[in-house]
Amino acid sequence: MRLAFVTSNPGKVEEARKYFEPLGVEVYQLKVSYPEIQADTLEEVAEYGAKWLAQRVDGPFFLDDSGLFVEALKGFPGVYSAYVYKTIGYQGILKLLQGEKNRKAHFKSVIAYWDGELHIFTGRVDGKIATEPRGSGGFGFDPIFIPEGFDRTFAEMTTEEKNRISHRGRALREFANWLKENLK
């Protein structure tokens, strides 16, 4: 089975392949732009994108919408994480949190899979925002996010370490387990 991952990020595709290759599923990157609506939840954004793409893409595909939710910022950047990263970056988040004691945050990933029907899979990892960027691995907000139970940021971890505990890794695992059961 071939499965398209609709994303412009090749790093996400490599991460996904690790979960699906053992199932005999070939994941390939499909660079197609789709509208990302302004909505209250990642689930709404992912669902809209999948339904829009279903009218334009042949065969099964999935997409991922993820967000960083910072408690002291009332969940900001949340559903606006991609836009916020492009405009103010992680330095902007650090600036907004200057002097703030509450550094609690979580990452959430929502995967929307379309095979003629919509299937949603989610993953979440709790943690906190570092006081300064650390590490050179990963992408996005990885240099400032420290997952619960660790003293290193995602950017200081190997790809394998991060994937084992990350929000996207958890959502991909849930999706792969579902696919394994439903491909029979």
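Quick reminder: no glycine exception, Cβ is built from N, Cα and C everywhere.
If you look up Swiss-Prot, you'll see D65 marked as active site, proton acceptor, on the strength of sequence analysis. Look at Swiss-Prot and you will find T7, S8, N9, P10, G11, K12, S66, F139, G140, F141, D142, K162, H167, R168 tagged as substrate binding site. Per Swiss-Prot, Mg(2+) binding site is recorded for E36, D65.
Across the residues annotated as binding substrate (T7, S8, N9, P10, G11, K12, S66, F139, G140, F141, D142, K162, H167, R168), the two Cα atoms farthest apart lie 20 Å from each other. A count of other CB atoms within 10 A of each Cβ picks out S66 as the most crowded of the binding-site residues T7, N9, S66. Recorded residues E36 (Mg(2+) binding site) and T7 (substrate binding site) have their alpha carbons 12 Å apart, per Cα-Cα distance. Long-range Cβ contacts of G11 (substrate binding site) within its own chain (separation 6+, distance under 8 Å): G138, F139. The distance from the Cα of H167 (substrate binding site) to the Cα of D65 (active site, proton acceptor) comes to 11 Å.
Its Cβ placed at the centre, D142 (substrate binding site) has 22 other Cβ atoms within 10 Å. Note: G140 (substrate binding site) has non-local neighbours L68, S81, Y85, Y90, i.e. same-chain residues 6+ apart with C-beta under 8 A of its own C-beta. Of the listed recorded positions E36, D65, the Cβ environment within 10 Å is emptiest of other Cβ atoms at E36. In this structure, N9 (substrate binding site) belongs to neither helix nor strand by DSSP; it is coil.
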